[in-house]
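Participant: Below is one structure. I have some questions about it.
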Amino acid sequence: MTTTPTTSAAPLPSAVQERQRRAKLRRNMFYLALLAVGLVAPFVAYPVFLMKILCFALFACAFNLLLGYAGLLSFGHAAFLATGGYVTGYLLASYPGLTPELGILAGTFMATLLGALFGVLSIRRQGIYFAMVTLALAQLMFFVFVQSSFTGGEDGLHGVPRGHLFGMIDLSSNLAMYYFVFAVFVFGFAVIQRAVHSPFGQVLKAIRENEPRAVSLGYNVDAYKLLAFVLSAALAGLAGSTKTVVFQLASLTDAHWHMSGEVILMTLLGGVGTLLGPLMGAGLVVSLQHLLAQSPLGNWVSVILGIIFVVCVLSFRSGIIGELSKMYRKNFK
Amino acid sequence: MTMIFGVPMAVFMGQLTLGLVNGAFYALLSLGLAVIFGLLKIVNFAHGAQYMLGAFAALLGFRYLGINYWLALILVPLVVGGFGMLMERFLLRRIAHLDHLYGLLLTFGLALIFEGTLINFFGVSGARYATPEILQGGLNLGFMFLPTYRAWVLVAALAMCLFTWFMIERTRLGAYLRAGTENSQLMQAFGVNVPLLITLTYGFGVGLAAFAGVLAAPLYPVSPTMGSSLLIVVFAVVVIGGMGSILGAIITGLGMGIIEGLTKVYYPEASNTVIFLVMILVLMLRPAGLFGKEA
């Protein structure tokens, strides 16, 4: 932390230090409470549903790293989710001896590679062009998945075995599977939390706020953007790989541009640039889809998501967590 | 029979025409995007949905009101364009002062709403819209068979592009629009009603999309999803050409259509993806786009 340009080397006044220490303590207590909730949750709610939320939450957190902290709106994150999912699904289905964690690693690795490729191409353009380039590249991947034989084309991959974690723990039990997914999510979240609060994260924020300024301060802006892009793609791939193991299938739904839109909505609804926002947004969107699917409004899901999108953009831009923390700051400080 | 690189001449020319017709749609749609982007600085993600609305308006107008093709060609762009003006006035204007990415997100949400609503009423399979009688059949040019309707689409789309070029480059309103693109605050200081100009511009861009939709109705199945997949290709075309110039949009649109058509002849597997591959190539060699001004 001491290497950030914003914190000077001079010792801070002790009152400020004390306040920071207490804020950190509060934050840690909060995370511990969340961890406890996560550990107890499968005994209260249906584990498969919770796993779905966790997978999408990780996906949204990865997306948020890019939009919320580097200010880059990617409209093609579905490509990474799908790549992770397809590679893991294909490997686990074709090589029965392969353990799930290796399959997930391989899927994540391929998504990371794809992220590096997309990143190099897309950071050549800024702003809305960046969004259009990522969307077009993801559509290219969509057609690749449709035409390739290893993805099963329109049918997708079915019956991917969950297998035994490390060759020992049987994941066919939903409870074991849940704790594995929970561990993956906590790992991903910790990586993002660490990245955001590191000097790297500070530079990303500087680029988001004023790119020419960051350049003039001597930062290699493209390298920072690329690293953020690759990290985000890797975690999105991890989410996709894990999702494939949980649901034992990989399909074109994950590669479609609707999916790229959904992850934007989750992040926007929860709060762009907040750590917990994507978790909250993913929880809400997945629950909403779940509820609507069983109601007479089942066919109207995409219309309702569209309406939420419009309402969010018009009057709710900080998202739920963002608005809450604004309120908190106004009333308690 | 004459062969061109191992392909019969008739097949070659047929795919070339198909490519040119597709290219005409790319040109019309990317032109609309460029006009809107110039003044509003937003990417209109609802452009594909508005194209689709144009096709549906023609279909439903014929089915329930008996409006024929020629009338639809004039009325539908006006109606859908007017609808677009309402969207601008009551939704887009409220976020005009924010980061332009919000405009992209808002129009994306609107596109989801339009598409989803129509899917609920009409399904995704698509309906047929009859080709007007005069334009049925085709011309035998000796070396190929040219369907009249495709020829008409090509002519009409190019005429519309030229009309747009004329409006923007040669009329007073167009001069305002160009000036507003450069510096809208200064325009306002000179007493030009910039908010009205913005509304009109958005309406015009949407009208172009609707016009393309009516042209497309007899050619492709009219379905709620016909716009979204096309729009993503148009985005790639826009990235390739850059949104700087009108002529650039037309040339890039037609060029990409031809490349796509030729790919269908020689390597059909890649015909869906070739435009995206060209985009990657352009990004590597000339990141600002072929006709782009900004870096």
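Every residue, even glycine, has its Cβ placed from backbone N, Cα and C.
If you look up TrEMBL, you'll see A:29-45, A:51-72, A:79-96, A:102-121, A:128-146, A:176-196, A:263-288, A:300-320 marked as transmembrane segment.
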Participant: Under an 8 Å Cβ to Cβ limit, what residues of the same chain, 6 or more beyond the ends of the transmembrane segment (A:300-320), are close to it?
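Facilitator: Residues 258, 261-262, 265, 267-272, 274, 277, 280-281, 284-285, 288-289, 292-293, 326 contact the transmembrane segment (A:300-320) from elsewhere in the chain.
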Participant: Report, as numbers and ranges, which residues of the same chain sit near the transmembrane segment (A:128-146): CB under 8 Å and 6 or more residues beyond its ends.
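Facilitator: Apart from its flanks, the transmembrane segment (A:128-146) reaches 72-79, 82-83, 86, 114, 118, 121-122, 153-154, 252, 255-257, 260.
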Participant: Given the cut-off of 8 Å on Cβ pairs that are 6 or more apart in sequence, determine whether the transmembrane segment (A:29-45) and the transmembrane segment (A:176-196) share at least 3 such pairs.
Facilitator: yes
Participant: Cβ under 8 Å, sequence separation of at least 6 from the ends of the transmembrane segment (A:79-96): give me the contacting residues as numbers and ranges.
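Facilitator: Contacts of the transmembrane segment (A:79-96) (Cβ under 8 Å, skipping residues fewer than 6 from its ends): 59, 62, 102-104, 106-108, 110-111, 114-115, 118, 137-138, 141-142, 145, 150-151, 157, 159-161, 163, 232-234, 236-241, 243-245, 249-250, 252, 254-255, 259-260, 263.
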